[in-house]
Amino acid sequence: MGRKFVEDAIVVSNEQLASCIWKLVLKSEQAAVAILPGQFVHLQVDGGLTAMLRRPFSITDVDKAEGTIEITYEIKGKGTQMMTEWQAGHKTNIMAPLGNSWLATVDEGAEINHALLVGGGVGAAPMFMLAKNMVAEGKKVDVVLGARTKELLVLEEKYAGLGLNSLVCATDDGTYGEAGFCTIPAIRMIDENDYDYVATCGPTPVMSAVAAAAVGKVKNVEVSMEERMACGVGACKTCVVDTVNGKVKSCDCGPVFSAEVIKW
Ligand code: FES
């Protein structure tokens, strides 16, 4: 694992994308250039009375030339609610990059020609850089994005600009794209194509259904267990994952795992 940086980052913009989802862009002196797809950042939510209030956030994108980090966050409690108040120029202390990255469980030199990435809800965020890199490397990339309703499908436009082989959206309530869970098109596509890599991130039922369809058929299947994290630094144990190698903390040993080792 590479070097971690602890530094003050400055808010460049903080924009509401949906009723409960925001996009935060931070300017970082050092960390941005070191971030790999799938890694996360530990961010100080409040520098005042509750200075210990730090939270892990997955990273949607980085602009290495500008030194900026883009985070897509969902309001889940007091800390994330407070973050919505941040204006450009606000300073927050960050620790990054943390965790392993996508492809960490794939043999070096393994040939990946056709990949499927499945993101449920804000689980689509940590897969964006992976998709971007794979497309830049000339790989054929299919993406399935799912959300409860159209309004929450906030990353569709960003993914659509990548030049993917295909982009399929699904909403649980049928307000946009295919009606129903994103696992329906994902499982169909796994069945119909010869993927050599499948990655998924999102609610556990999404990941477990995708893993069940892909493991055994697709050589490399990875999942990111980041959704369960609370402290992000090994202290709270909310992120414990049951694996064939015993119980492990996903913030320490992940967030990316081979789907084959997870006991769902
Ligand atoms: Fe707290 Fe992993 S998130 S121990």
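Positions of Cβ are set from backbone N, Cα and C atoms, glycine also.
Values in this document were obtained by computation on a predicted structure and should not be read as measured data.
What TrEMBL records for ARG55, PRO56, PHE57, SER58, GLY79, THR80 is FAD binding site. In the structure as shown, the Cβ atom of PRO56 (FAD binding site) sits within 10 Å of 21 other Cβ atoms.
TrEMBL lists CYS231, CYS236, CYS239, CYS251 with the feature [2Fe-2S] cluster binding site. Its own atom aside, the Cβ of CYS239 ([2Fe-2S] cluster binding site) has 23 Cβ atoms within 10 angstroms in the protein chains shown. When secondary structure is read from DSSP and collapsed to three states, CYS239 ([2Fe-2S] cluster binding site) falls in the coil class.
Positions annotated as domain 'FAD-binding FR-type' by TrEMBL: 4-104.
Closeness to ligand 1 is met by CYS231, these being the binding-site residues among PHE57, THR80, CYS231 whose Cβ falls under 6 Å from the molecule. Close to the recorded [2Fe-2S] cluster site, the chain also has PRO56, MET229, ALA230, GLY232, VAL233, GLY234, ALA235, LYS237, THR238, LYS249, SER250: residues not among CYS231, CYS236, CYS239, CYS251 whose Cβ is within 8 Å of the site's Cβ mean position. Same-chain residues at least 6 positions away in sequence with a Cβ under 8 Å from that of CYS251 ([2Fe-2S] cluster binding site) are, in sequence order, PRO56, LEU98, GLY99, MET229, CYS231, GLY232, VAL233, GLY234, CYS239. Neighbouring residues of the recorded FAD site, listed in sequence order and excluding ARG55, PRO56, PHE57, SER58, GLY79, THR80, comprise LEU43, VAL45, ILE71, TYR73, GLY232 (Cβ within 8 Å of the Cβ centroid).
THR80 (FAD binding site) sits 18 Å from CYS236 ([2Fe-2S] cluster binding site), taking the C-alpha atoms as the reference points. Considering only the binding-site residues SER58, THR80, the Cβ with the fewest other Cβ atoms within 10 Å is that of THR80.
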